[in-house]
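Below is one structure, written out as structure tokens; the observations come after it.
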Amino acid sequence: MLRRGSLRNPLAICLLWWLGVVAAATEETREPTYFTCGCVIQNHVLKGAVKLYGQFPSPKTLRASAWLHDGENHERHRQPILVEGTATATEALYILLPTELSSPEGNRPRNYSATLTLASRDCYERFVCPVYDSGTPMGVLMNLTYLWYLGDYGAILKIYFGLFCGACVITRSLLLICGYYPPRE
């Protein structure tokens, strides 16, 4: 117990300061600290995942909804996305289920984004993720992120193997086109 005059003791001050830091660090903020996402369009189908890190008040009461926005006017052209989610007190993973794209004019805009909205009685958060085409370098990276969240490590290895083999074939072809022929032994 603290005695009168014990607050002059540096050890007691240090202990009280440390308890204050721990109490402040474990205080429930009721909002995510940060999030990561991986959303990709492959064969005219959107798939993605959003992972949130932080402290959530009660994961069971969070309601999630997601929308795909296409083009410049985000409110005019939007399409609902089905969401599956699992959450704990410190992190949440929301999978955007495969959704076929429907473009209003028949052509595909270049800039898609997915919006995940989480709501409960006393908090409301919106997370916007860019969506990339699978044929672009960022699309490959987002696809790898999505597969990592799903835990599909076999598919990740297939992509890396395909990239490695493709790079080897392209490099050899460029060397042959430039006139370099490897010496024979």
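Each position is counted from 1, following the chain as shown.
Any Cβ shown, glycine's included, is placed from N, Cα and C.
In Swiss-Prot, the cysteine linked to C39 by a disulfide bond, out of C14, C123, C129, is C129. Ranked by how many other Cβ atoms sit within 10 Å of their Cβ, the disulfide-bonded residues C39, C129 place C129 at the bottom. Neighbour count (other Cβ atoms within 10 Å of the Cβ, all protein chains): 12 for N111 (N-linked glycosylation site). Per-residue pLDDT, averaged over the domain 'Ig-like H-type' (30-133), rounds to 77. Proximity of N143 (N-linked glycosylation site) to non-local residues of its own chain (separation of 6 or more, Cβ distance below 8 Å) is seen for G38, V40, Q42, S134, I159, given in sequence order.
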